[in-house]
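Engineer: Once you've had a glance at the structure underneath, I'll fire off some questions.
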Amino acid sequence: MASGGGNNRNGTHRNSLKGTTTTSTATDKPLSVNSNPSKPAFKNKSSPLTGASSGLRKSSPGSLGGGAAKDDAGVPGRVRVAVRLRPRNAEESVADADFADCVELQPELKRLKLRKNNWDTDTYEFDEVLTEFASQKRVYEVVAKPVVEGVLDGYNGTIMAYGQTGTGKTYTLGRLGEEDTANRGIMVRAMEDILAEVSPEIDSVLVSYLQLYMESLQDLLGPTNDNISIVEEPKSGDVSLPGATLVEIRDQQSFLELLRLGEAHRHAANTKLNTESSRSHALLMVHVKRTVKGREPAHSSDNGNSTSMARSLRPPLVRKGKLVVVDLAGSERIDKSGSDGHTREEAKSINLSLSALGKCINALAENSAHVPVRDSKLTRLLRDSFGGTARTSLVITVGPSPRHRGETASTIMFGQRAMKVENMLKLKEEFDYKSLARRLDIQLDKLIMEHERKQKAFEVEIERITAEAQNRISEAERNYADAVEKERLKYQKDYMESIKKLEEKWMMNQQNQGNERKEQMVHIAEEVAEVKKLLSKETSLRKAAEEEVDNLKSQLAQLKMSEALANSEILKLRKMVEDEVCQKEKLEGEISMLQSQLLHLSFEADETRKRLDRGGPGKVPGGLDSPVSQVRSQLKGSGNGEKASVAKLFEQVGLQKILSLLEAEDADVRIHAVKVVANLAAEETNQQKIVEAGGLKSLLMLLGSSEDETIHRVAAGAIANLAMNEKNQELIMSQGGISLLSTTASHAKDPQTLRMVAGAIANLCGNDKLQTKLRGEGGIKALLEIVKCGHPDVLAQVARGIANFAKCESRASTQGSKTGRSLLIEDGALPWIVQNANSDASPIRRHTELALCHLAQHEVNAKDMISEGALWELVRISQDCPREDIRTLAHRTLASSPDFIAGLKRLRIDY
Ligand code: ADP
Ligand code: MG
C-alpha cells in the first residue's frame with residue numbers, strides 16, 4: 001500500500017487517480033461511488049476484472065516488458081472489486097422467511113441494489129456481481145484468474161475477501177473441495193493454475209501461510225513462530241517476512257496438505273488464544289519465481305554480437321511474482337463485538353488492522369496526502385496491494401439477511417472505495433545472479449572434472465609410455481648382456497686356446513730346459529751324497545748305540561733259544577709231512593699212468609680180438625657208410641664183456657681225466673686216450689657228455705697240434721661220430737673244423753684217415769644252415785681233393801657228402817632262400833659226379849645218382865648239366881636205377897624241364 005509520503009511513484013499514481021480527465025481513470029473509474037441510483041456511472045460495459053486481465057495478457061510479455069524497460073513506474077491497474085452474495089442459510093430461511101433479501105443483484109448490469117426500506121434502494125456498480133448461484137469456478141475465473149496469470153507473468157498479485165463473518169469469505173477463498181471438487185476455492189484453484197504453468201526444473205513455487213491476530217503475526221506452518229517481524233526494504237518498498245516458513249510446492253497434493261496443516265495450526269492457535277478465525281486474518285503468500293526462456297533480458301544492452309561464452313556468462317532472467325491471498329477477519333462493526341465477551345479495547349485491538357485498512361483505502365480513494373500505512377501490520381503487509389505495484393482483486397461477501405443490512409451496507413461501501421484505488425503494475429523482472437553463479441559453479445565443476453579426467457588420462461598415458469620405455473630399456477639391456485656374454489665366451493675361448501698354445505710352448509721349453517736340469521741334478525746328487533755321508537756317520541753312531549741294545553737283546557735271545565729249538569723240530573716234522581704228500585702225488589701220477597696203459601692195453605686187446613674175429617688184420621670192411629656204423633658194429637661185434645670193460649674204465653677213471661690225457665706229454669698216452677675217447681664217441685649216449693666236457697674242442701686241437709697219423713685218424717673218426725649231431729656240427733664249423741679237416745686230409749697217407757675226414761665233412765654237408773659257410777671255408781674243394789686217393793671207401797664218403805649237399809641245396813632253392821647255380825657246379829664237382837654216376841661201387845653210384853637228380857631239379861643248373869653230359873646219366877637213371885623213387889624223380893625231371901627237353905631233342909634222344 002503506497003504511503004502518501006509524496007514519493008514519485010505514489011505521486012504519479014495519485015495523479016493518475018486524480019480527477020476523471022485521464023484516460024485510464026475515465027476507463028477504470030468506479031461507476032458508482034455515490035448512492036444515487038438514478039445517476040449511476042455505467043460507463044464501462046466490459047467486465048472490469050476480465051478487461052484488466054485481458055489488457056495485462058495482451059500487453060504481456062512484450063509490451064509490459066518493454067514498458068518496464070522504458071518506464072520503471074509501471075502501468076496503471078485499478079483495484080478490481082467483485083461482490084458475492086451468499087445464499088440464505090437454513091437459519092435465515094426460517095428467520096427471514098417473511099422478509100425479502102436486503103440486496104438485489106443485477107449481474108448482467110453488474111449492479112447491486114441495497115434495500116433502504118420497502119420502497120427505496122441504493123444501487124451500486126461493481127466490477128463483477130456474483131449471485132448466490134455463482135459457481136466457485138466462475139468466482140475463481142472472474143476474481144482470481146487474471147491476478148494468478150499476472151503473477152505467472154512476473155507481477156505481484158493480491159486476492160482478498162472482505163465481509164461480515166459468515167458471509168462466505170473462507171468459502172470463497174479457502175475451500176479445499178475435498179468432498180466435491182466443484183467446491184474448490186480460490187487458493188486451491190490458483191495453485192492448480194500456477195503448478196500447471198511452471199517448469200519444475202527451472203521455476204520454483206514457495207509458500208508461506210500466516211495468521212494475523214491482535215497485531216501478532218503467526219506462522220501457520222511453524223506454530224512456534226508466533227511473532228514474525230515484517231521487514232520493509234526502503235529502496236524498493238518491498239516487504240518480506242524473513243522469519244516465516246517457506247515451503248516449496250511441487251504438486252497439488254502437498255499444497256492441500258499444507259493448507260490443512262495451516263488450518264489445523266490456525267484452529268489450535270485460536271483455541272489457545274480463546275478466539276476464533278473470524279477475528280483473525282489469514283494470509284497465504286505464494287512466491288512464484290520463473291526463469292524467462294529464450295528471451296533477452298529487457299535490460300540487456302547486448303548488440304547481438306555476443307559469443308557463446310558471453311551468453312553463458314549472461315545471468316538468466318527471472319520473474320518473481322508474489323500472490324497474496326488474504327482471508328480477512330469479519331468486518332462486523334466494532335460496537336457489535338462486545339457480545340462475544342471481548343472488552344471494547346480488545347475488540348478495537350482485534351479490528352485495528354481492519355480499520356487501518358479501511359482508513360488507508362479511504363485515503364487512497366480520496367487521493368489523500370497521507371495514507372496511514374504504518375498504523376497496522378495488515379496495512380504494512382498489504383502496502384503493495386493497495387496503491388502499490390500489485391494487481392489486486394477484492395471480493396466482498398454479503399449475506400441476504402435484512403437483519404444485517406447495516407453490515408452489508410458498510411461492506412458495500414468498503415468495496416466501492418476500494419474500487420477507486422489505482423495501482424501501478426510493475427513487472428518484477430531481474431537477473432538471477434545467484435543461479436548464474438550456481439550454473440557457473442556447475443560448469444566450473446564440470447570443467448574441473450574434465451580437467452581431472454584429462455589429467456588422469458595424461459598420467460595413464462605417461463605411465464604407459466614410461467612402462468614401454470622401461471621395457472625397451474630392459475630389452476636393450478638384455479640384448480647388451482647377451483652380446484657381452486657372447487663376446488666374453490668368445491674371448492674366453494680365445495684365451496683358453498692361447499693358454500693351451502702357451503702351455504705347449506712352455507712344455508717344449510721345459511724339455512729344452514730338461515737337459516740343463518740334468519746337469520743341475522748331478523750337482524744336487526753330489527750334494528746329496530755328501531749329506532748321505534754325514535747321515536751314515538750319524539747312522540754308525542746310532543748303530544753303536546744299537547749294538548749296545550743288541551747285546552742286551554742277545555741275552556734275551558739266548559733265553560729264547562730253547563723255544564726256537566722246539567720250533568725247528570716242528571719245522572722238520574712239517575717237511576717230512578710235505579715229502580710224504582709229494583710221494584703220494586707221484587704215486588697217484590704213476591697210478592693214472594698205469595691206468596692209461598691199462599686202458600691202452602685193453603683197447604689193443606679189443607682191437608686184436610676184433611681183428612681175430614674178422615679173420616685177420618688189414619681187412620677193410622666193405623659196405624659201411626660211416627665210421628659211426630663201423631664203431632657201432634665193432635661194439636655190436638664185441639662181447640658185452642669188452643663194452644662193459646670200457647664203460648667200467650670210463651667210470652673208474654672219469655671222463656675229465658681221460659680228456660686231460662689227450663694233452664699228456666707221453667705220445668703213447670695221448671694215442672691211448674684218443675682211442676678211448678673215439679670209442680666213447682661211437683656211443684650216442686656219451687656224445688653229449690664228451691662235448692660238454694670240452695672233448696670236441698680237444699679233438700679238433702689234436703688234429704691241428706699232432707703230427708701222428710694214428711692220432712689224426714682216430715680223432716677224425718671221433719669227430720665224424722660227433723658230427724652226426726646238428727648242434728655239434730655248428731660247433732665244429734665255428735671252431736674252424738673244415739680247415740683242420742682239410743689240412744689233415746692233405747697230409748694223410750692212410751686211406752682210413754681220409755675216409756674218417758671225408759665222413760666227417762659228409763656229415764657237415766647234411767646241415768641246411770651251414771651250406772654257405774661250409775662251401776666258403778673250402779669244404780667242397782676239400783672233398784674233391786680227397787677223391788684223388790681213389791679208395792672206394794673214401795669215394796663213397798665223398799659221394800655221400802655231395803649227395804647231402806645237393807639235397808640241402810635243392811631244398812633251399814625250392815624254398816627260395818637260394819638262387820643261382822648250384823655251389824657244387826660252381827666249385828667244379830659236376831664232372832666228378834657225372835663220371836661216378838655209373839660207378840661200379842654201389843654206395844658211390846647211389847649217392848651220385850641222387851646228387852644228379854637233386855641238381856636236375858633246378859632249371860638254372862640244366863645248361864651246365866647238359867654240357868657236362870649229365871643228360872645221358874639222367875636218362876640212364878630214369879631207366880636203369882634200381883631204386884624206383886630215384887628213377888621216377890629222374891624221369892619227371894627230364895619230362896618237365898624245357899632245357900632238358902630241348903637238350904634231348906638236340907641230342908636226338910628219343911625220350
Ligand atoms: P466467513 O468466512 O465469511 O465467516 P464462511 O465462509 O465461513 O463465512 O461461510 C459461512 C457459512 O456460509 C458456511 O457454512 C458456508 O458454507 C456458507 N456459505 C458461504 N458462502 C456460501 C455460498 N456462496 N453458497 C453456499 N453456502 C455458502
Ligand atoms: Mg471465515
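Glycine too: its Cβ is placed from the backbone N, Cα and C atoms.
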Engineer: Between 97-135, 253-291, 448-486, which stretch does TrEMBL give the note coiled coil?
Structural biologist: 448-486
Engineer: Just to confirm my parser: what is the rounded mean pLDDT across the coiled coil (448-486)?
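Structural biologist: A mean pLDDT of 94 is what the model gives the coiled coil (448-486).
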Engineer: Report the residues of the chain - excluding GLY163, GLN164, THR165, GLY166, THR167, GLY168, LYS169, THR170 - with C-beta within 8 Å of the mean position of the site's C-beta atoms, for the recorded ATP site, in sequence order.
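Structural biologist: Result: ARG86, ALA161, TYR171, SER278, GLY330, THR397, GLY399.
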Engineer: Considering the binding-site residues GLN164, THR170, which residue's Cβ sits among the greatest number of other Cβ atoms within 10 Å?
Structural biologist: GLN164
Engineer: From GLY163, GLY166, THR167, LYS169, THR170, which binding-site residues have a C-beta atom under 6 Å away from some atom of ligand 2?
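Structural biologist: Only LYS169, THR170 meet the Cβ criterion.
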Engineer: Counting Cβ atoms within 10 Å of each candidate's own Cβ, which of the binding-site residues GLY163, GLY166, GLY168 comes out highest?
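Structural biologist: Sorting the candidates by Cβ neighbours within 10 Å, the top entry is GLY163.
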Engineer: Just to be sure I understand the packing, how many Cβ atoms besides its own are within 10 Å of the Cβ of LYS169 (ATP binding site)?
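Structural biologist: Taking all protein chains shown, LYS169 (ATP binding site) has 29 Cβ neighbours within 10 Å.
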Engineer: Suppose we draw a 10 Å sphere around the Cβ of THR165 (ATP binding site). How many other Cβ atoms does it contain, all chains included?
Structural biologist: 19
Engineer: Using all protein chains in view, find how many other C-beta atoms are within 10 Å of the C-beta of THR167 (ATP binding site).
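Structural biologist: 27, counting other Cβ atoms within 10 Å of THR167 (ATP binding site).
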